[in-house]
């Protein structure tokens, strides 16, 4: 049960009798879209774990990776353990995964645990299922580096903004009628087909939606840049005149255009749900679900993969054809994308985020300051623990010495635990 030591709780936390407990030093990714300096939760966690850490006030701190991924294998901070990284240790001690996890995932840790601090939008993207991932990896390994799927779950640490899944058709039709520049990209024939599909069966709706989205994403660059420039000019003039631009999602449009001027992804706001998560709320992103993170800090857990199909709001490789062919074109309201954790019936301190995939589960453990000794329950899985609020002293019968887990002084200690419950 390795843990990432980022956190204070003036309490004593005791682990059960398990094989090994040790602290990790985890990789920080400084992607350009990350929050800057100590505005970033990633940077704050890094600073809290290492008093000697130097946080550059002008550099982005985008992601903290906790796991065994080749691009970010966590380093073991215990010189009594011969292996240097978590991946090496699991490779030599696969039984630590638990019998079912070891057998199901061929001796590999099946998840990657992250913290993200998002300052500017991430790409319009989706992740392939296992079948498609295998094909993409075989054909284009330089762009799709493994053959695994990548379902993922985001849990908000701060107010978090993202786009996820297709809007209800009625909302998309309303934009087609209110935003002439958007309708010009789709074309009247496809737009009218979508308008008529509102009363159709779900298959008819999905087919019409696929045609509209694909037409937009495959627009010639000069055409969509001209339409986008006209739209931005019109919205800017309306804002200057004090007019309400909510019917055109004017605020979000200008936000994305300021970050990615002339990008087709700016028009995706008229197709995709805008999802606002409050701290503790989460959204699950299954295979073929279009999405983009826009702003905020979150915990993220995913299958251990780096396969992403992108088509907008990014300078990286884009694969429009694959994205349009693979997507789930089932419209649903934004409220359907948000889910709250369920409180454990056995332990009122534990809240369970349990997505519909076997690769990972996340537990949030909230320990009131009145509780001076808390026992973390044993499960048949390796776990990574991250303390994001409070201060604790961690011990176990398997640990040779105590470990201080610190982040900030708080009335309630908050610990996230990533694991695999089969």
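From the backbone N, Cα and C atoms, a Cβ is placed for every residue, glycine too.
Annotated in TrEMBL:
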- 310: active site (ACT_SITE)
- 125, 127, 152, 291: Zn(2+) binding site (BINDING)
- 21-169: domain 'Phosphomannose isomerase type I catalytic' (DOMAIN)
- 185-272: domain 'Phosphomannose isomerase type I helical insertion' (DOMAIN)
- 352-392: domain 'Phosphomannose isomerase type I C-terminal' (DOMAIN)
Original post:
If you skip the near sequence neighbours and keep only those at least six away, which residues in the chain come within under 8 angstroms of residue 291 (Zn(2+) binding site), Cβ to Cβ?
Top reply: 124, 125, 126, 162, 163, 164, 165, 272, 285
Subject >> Candidate with the highest Cβ count within 10 Å, taken from the recorded positions 127, 310 >> reply: 127
Original post:
For residue 127 (Zn(2+) binding site) and residue 310 (active site), what Cα-Cα distance in Å is obtained after rounding to a whole number?
Top reply: 9
Original post:
Beyond 125, 127, 152, 291, what residues of that chain have CB atoms within 8 A of the centre of the Zn(2+) site's CB atoms?
Top reply: 126, 150, 285, 289, 308
Subject >> Rounded to the nearest Å - Cα separation of the residue listed as 'active site' and residue 152 (Zn(2+) binding site) >> reply: 16
